[in-house]
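Among the features that Swiss-Prot reports, transmembrane segment is placed at 8-28, 41-61, 75-95, 108-128, 136-156, 176-196.
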Amino acid sequence: MHIMEGYLPIGWCIFWAVLSAPFVIYGIWKMTKMIQEDRRVLPLMAVCGAFVFVLSALKIPSVTGSCSHPTGTGLSAAFFGPFITSVLGTIVLLFQALLLAHGGLTTLGANVFSMAIAGPFIAWLVFVGLRKTGKVGIGVAVFITAAVANLVTYTVTSLQLALVFPVEGSILNAFIAFAGIFAVTQIPLAIIEGIICALVAKYIVRVKPEILKKLGIIQDEEIAKIQGEAV
């Protein structure tokens, strides 16, 4: 989904950067506050950031000017919410643009909005909704959350490209074309990413449940159940 350097007109680059900025700025404040309150969250936060970096670096060529890959943001969205995830995603995208030529600096705002903001926000809403029912375990909830974050990211990227490159004057036709091409790779990738994130989440519950409990992600009863499965 990383839109490459120079692929978007400067006006759209500025638009997406301005739109993304408030989310990231608030996310920095929220992240700083959380760390000041309890520094024990730092290792898990770092793991989530590294997870985003590694998964989103596994790119597969796709639409001209972009690519397909997992996003890794669903896990962070589930654990820390969308604002902190927007900061982690921005850091990852900046490093990838500078060190891996993956994405770009002029298109950073557009890539941040799709992968670090839109995907995590919708995914977080899904996660919260599923968990509030009291009937969906953390493994299944994280699986769905990760898959949704992936698919929403590419839906937004399709829209971003369609706004700039309409097909026969039609943004809708362009959106359908871009989304259709992305779907070939992203649907399987979203499922795989969901499985990986679910396994990682359950592993963290087994080895470091107190952090997730403090974050309000999981309660003692479910912790005991998951840890019992590992015996």
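Note: Cβ is positioned from N, Cα and C throughout, glycine not excepted.
The stretch from 8-28, 75-95, 136-156 with the most CB pairs below 8 A to the transmembrane segment (41-61) is 75-95. When Cβ-Cβ distances below 8 Å are used as the criterion, the transmembrane segment (136-156) is approached by residues 1, 68, 70-75, 77-78, 113-115, 118-120, 122-124, 126-127, 130, 179, 182-183, 186-187, 189-191, 193-199, 201-202, 205, 217-218, 222, 226 of the same chain, each at least six residues removed from its ends.
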